[in-house]
């Protein structure tokens, strides 16, 4: 018997995206709207913020959970989360759409099953020892 999961959380790393796309708040909002449709999810609300001198953060609240996009245009990079629960949403479809729509040259995708019955390996995070954070615009 399979363990039931509460949802799927997809973490999408988009690389090599055009600056003009990643720095455009309206395009990023449109990406979330269309990704929610592609995943068969219901978009309840959408909020975004344009950073200066560059970058966009947008969050789509779904009846099934959320889609978020954070962009670093100067790096050609976007960090995307797509989390859906329920039997009918397909977060993979949203990610496939976003790779194409945001014109990524390359991407990495991690799928995390979510739920209290899902066995997860405990990971020691050496983040601050091994990595230096990117500059963040205010």
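Glycine is treated like the rest: Cβ placed from N, Cα and C.
Pulled from TrEMBL:
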ACT_SITE  65  active site, schiff-base intermediate with substrate
MOD_RES   65  pyruvic acid (Ser)
ACT_SITE  70  active site, proton acceptor
ACT_SITE  85  active site, proton donor
* If you draw a 10 Å sphere on the Cβ of the residue listed as 'active site, schiff-base intermediate with substrate', how many other Cβ atoms land inside? -> 21
* Could you state the whole-number distance in Å separating the C-alpha atoms of residue 70 (active site, proton acceptor) and the residue listed as 'active site, proton donor'? => 22
* **Cα distance (Å, whole number) from residue 85 (active site, proton donor) to residue 65 (active site, schiff-base intermediate with substrate)** => 7
